[in-house]
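As C-alpha cells, the structure follows; a few thoughts come after it.
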Amino acid sequence: MSLVPGYSSDEEDISSALHDAFNLAAVPSTKRHRSEPTTAAPVPQAAPDVLAQDPLNQTSLITRPTDTQMNVNIPYSDMTLPVLGPVNPFGDHNRFLNQNALAGHVEEQAMTEHSFRTQHLTHSIFGYSQNPSVDPNAPAILGSVEAAEANNYAMLDSVRITHAKRKELKRKRNPKGDVETVDGDNAYAGPWASWSGEEPVAVLPEGEEGAADEEESESESEVAVVKKTKPKRGAPGQETSVFHGKSTTDYQGRTYISPPLGEAPHLQSEPGSQESFIPKVCIHTWTGHTNGVSVIRLFPETGHLLLSGSMDTKIKLWDVYTHGNCLRTFHGHGKAVKDVTFSNDGRKFLSCGYDRYLKLWDTETGQCLQRFNNGRIPYVVRFHPDEDKQNIFLAGMSDKKIIQYDINSGEITQEYDQHLGPVNTITFVDENRRFVTTSDDKTIRAWDFDIPVVIKYIAEPHMHSMPAVTLHPSKKYFAAQSLDNQILVYSTDSFRQNRKKRFAGHSVAGYACQVGFSPDGKWISSGDGEGNVVFWDWRTGRIKSRLRAHSKVVIAHEWLPHETSKVVTASWDGLIKLWD
C-alpha cells in the first residue's frame, strides 16, 4: 500500500498537462535547489503529438513544372522577390527570352533539311505535323488530330498508303480547256490552269479616277471587244506555211516542184550511172534553223529540193541547184520534228514530231492536208513505195507498235505489235512486199506487209540497238548503224548478217547517225558524234576519208543521186552544208 500515494488522480494529470504541455519539467535544470525533490514515477501520455497547422496548407505552395494553375494566391511582394541560390550554367533560363514578339511567339529550332521537308510535305498532304515547340504544355500534333490518329501518327516517309488512296491525295490540276472557248466552263486556260482546291485570288478594287478618265472608261466599255486567246502555232488546225520567194511560178508557169532541167540537164539520167568520188570541200551552207537539224530528205528521183526538219519545230524546203535559198517554211508542230518523208512523186510529204502528231503536207502549196494522232510519239514514218499504195503509210511509235494508216479514210488499218521497245526504223525490202523494223529492244524483225506476224526474228546477246537503217542502191543489202560503233550489213532476201561487211572506226556516241551510200554503191558513209563524216570502201571495208564537217554531231547526210561527189550534211549545230 506504500505505492498508492505515488499515483495522482486524473484531475491532477489534466492540470499538470495544461501547465506543462511540452514536458519541460522533465528537462534537467542547471539551477541548484536547496533541497532535493522527492522522486516520482513519470507521467504517461496517451494522446500522440499532432501539428497545430494543416499539412495540406503547407504543400499547397509547391507546384510542378507542368502545372498550369495554383491553388492559392501568392502576394505580389513574394512573387517579385529575386531568385535566390546559385545559377545553373547549363540551364535553360535564357531559352524563353526574346520569344514574345509582335507577330506572336517565336522559338528558334535546329533541324535537318530532310526533317523539315518531311514535316512540310506531311502537313501539306495529310494535314498534320509534329510540333517542334519545346514547351512541354504544347500539343504534340499540329493540324488534324483525326488524320494523325487514322495514320497512327506516322509521317510521310513512313506511312503506307494504297494506290487508290495515293490517287485521292494527289494534287490534281484543272483541265486546260478548249482553245476555241474564251469564256465559260471550258474556257481555255493553258499552262495557267489552277489546281483543284486552290482559292481564287481576290481582285483589288481600283481607285477613283478623274472625270476625264471616267468618260474614257465609259466609252471604252461601250465598244469593248473580247479578245480571244491566241492558240499555239503547233495546235491542230493552226498549221501555216511561209513562201520566201518572189513568185511561186517562173516565166513558163512552172513551180519549184518541176526540176530545173535548164540548169541541170543531167537530172534526166539514171541515178548511179556515173562513178562516184569522195567529197572534200564545202561549197554551200544553208542557214535558217535556230536549233539542231534532226532529219533531211532529198526530192525523189531528181534531188533538186531538200527538205529538213529541226528541233525548232520548223520544216524548211531548200533549193539545191539554182539559188540555194529557202523556198518555204512549214509551221505546224508544237515540239521538235523527228522525221519527214516524201511520197513517190514528191508532191506530198509526211512529218512527225514529239507533239504526238503525224501531218500530211502539200509540198507545192504548203497546206496541211491531214493530221493523225493516236496519243503516242511517232519516231519514224514511211510511205509505202508502191505506186498503187501511196495512200498507205507506216509509223513506228513509242508504244512498241507499228501503225498502218490509210490516208483516204484517215483510220488505222493494221497494227504490228511484236516489239518490246520503241520502234526506230522501217525499211521496205523484197520489192516492197516485206519490211524490216528495228527497235530499242535490240532486235531486228521482218514482216510481210499487212500481216502482223514476224517472219524473221534476229536477236543475239552481243547485239546493240540499231536506230538508223539505209538500203543499198542494189537493194540486196541494208546497212544498220549499231550503237557499239560499227555498221552491220544484212541481206534483204534471207535477212542474214554478212560477216564480211563490217564497217568500224567511228564513234557515234549513242547518236542515231544516218548511214548513206553513194549512187553507184561504191562508198558507204556515216556521221559521228564528233562532227565528222567517215567514208568506207564498200568492197574492202577500209576507211578512205574522214571529213571534218560540223562542230556537233552529224545526225544526217544524203548523197545527191545525179552527182558524182556531192553530199549534203546536217548537224545539231543548226547548219546544212553541201560538199563536193
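Numbering starts at 1 and runs along the chain as displayed.
Glycine is no exception: its Cβ is also placed from the backbone N, Cα and C atoms.
Quick look at what TrEMBL annotates:
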COMPBIAS  37-52  compositional bias 'Low complexity'
COMPBIAS  206-221  compositional bias 'Acidic residues'
REGION    28-52  region 'Disordered'
REGION    167-246  region 'Disordered'
REPEAT    286-320  repeat 'WD'
REPEAT    330-371  repeat 'WD'
REPEAT    416-450  repeat 'WD'
REPEAT    515-546  repeat 'WD'
REPEAT    547-580  repeat 'WD'
Chain residues outside the repeat 'WD' (330-371) and at least six past its termini with a C-beta under 8 angstroms from it: 232-236, 238-243, 255-257, 291, 294-295, 297, 299-301, 305, 307-317, 377-383, 385, 387, 390, 393, 395, 405, 407, 410
Spatial neighbours of the repeat 'WD' (547-580) far in sequence, C-beta under 8 Å, 6+ residues away: 264, 266-267, 269, 271-272, 274-287, 289-298, 301-303, 306, 308, 310-311, 318, 320, 324, 509, 511-514, 516-519, 525, 527-535
Per-region confidence, the repeat 'WD' (286-320) (mean pLDDT, whole number): 93
Secondary structure content of the repeat 'WD' (547-580), with strand meaning DSSP E or B: 0 helix, 17 strand, 17 coil
